[in-house]
Amino acid sequence: MASASRLPPLPALRDFIHMYRLRAKKILSQNYLMDMNITRKIAKHAKVIEKDWVIEIGPGPGGITRAILEAGASRLDVVEIDNRFIPPLQHLAEAADSRMFIHHQDALRTEIGDIWKNETARPESVDWHDSNLPAMHVIGNLPFNIASPLIIKYLRDMSYRRGVWQYGRVPLTLTFQLEVAKRLCSPIACDTRSRISIMSQYVAEPKMVFQISGSCFVPRPQVDVGVVRFVPRKTPLVNTSFEVLEKVCRQVFHYRQKYVTKGLKTLYPEELEDELSDDLLKKCRIDPTTTSIRLGIEQFADLAEGYNEQCIRYPGLFLYDYTNKLHNLEDLSKEPNALPPPVPIFAPAPTIDSADNTWSLKNFNCS
């Protein structure tokens, strides 16, 4: 019987792919990571150790899967939509001595928190305000075509502490096109700064742990890849719902090269755009001639919280879409979701007496 962290002899990954006649599908943006040294590096940077539980998204032929099992994970659940990969993954599961479970599902439609919901042996939950992280991980070498919608889905779940994040600040390690990875981690005033920069950095601390050359993949993509590790923040940096902040960020970054006021006005009907956008900028003390990439997290927090107040004052405003010329607040105010989603409320953090440990948005540095 294999030891807890050692797999029995297996065919080399290239031979494995040839054995099962696996070819990457361009339509699914599939690229196989062939170098086991790199897959082991991903598992190492994800900080997988013995006894940990792991969910892997999109294992494909199982390169990272092997590395996770070698690292000593006591349970590994893989989520794979492509039925061609199920037989080779079953081969790995048989070699893994009952540590590996296969879920033949679409990751975008899978609530990964349900995978362990009824597992009484899962690692203990850890309070969100605790400095320790749960002995759980989510890892994935994502197809490029689902990477952005999937990370938004997971960041939203983090913000509501649902899914696997009901168990605590479960870290997330994923691969992205290098340009997307840079956007996720982009500091203020960088050309790579975007909506996804704010959405990731307000609820987590993303860090690009290393880059992978496109030459390491088969077939070779036209871009390099960045591996990003996300550690959820103990306290989000914005006090609104995920949806309110996302809408503000989407509109503000819509005109990246224009003054911030131009994007902000698209949040409002034409008859209110000047009044409400001016009021919001004045309240937030933001120069209307600045650009979106020069706004920090604290300023986006002010904008989102101010816009949330306006949406409560003007029912239906949250549902307003400037591209729909038929939208009017009177009709929208009668819709079931006329008011914005409420701010998530969680147990307060333990009181900190030390002045040195006082948390402040002003101390935030996204670089």
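Backbone N, Cα and C atoms are what each Cβ position is placed from, and that goes for glycine too.
What you see is a predicted model, and the numbers here were worked out from it, not measured in a lab.
Annotation source Swiss-Prot lists transit peptide at 1-16. Annotation comment: Swiss-Prot describes Gln30, Asn31, Tyr32, Leu33, Gly58, Glu80, Asp106, Asn141 as S-adenosyl-L-methionine binding site.
Considering only the binding-site residues Glu80, Asp106, the Cβ with the fewest other Cβ atoms within 10 Å is that of Asp106.
Secondary structure at Tyr32 (S-adenosyl-L-methionine binding site), as computed by DSSP, is strand. Summarising the environment of Asn141 (S-adenosyl-L-methionine binding site), the number of other Cβ atoms within 10 Å of its Cβ, over all protein chains shown, is 28. Sequence-distant neighbours of Leu33 (S-adenosyl-L-methionine binding site) (same chain, six or more apart, CB under 8 Å from its CB) are Thr39, Gly63, Ile64, Asn141, Ile212, Cys216, Phe217, listed in sequence order. In this structure, Glu80 (S-adenosyl-L-methionine binding site) belongs to neither helix nor strand by DSSP; it is coil.
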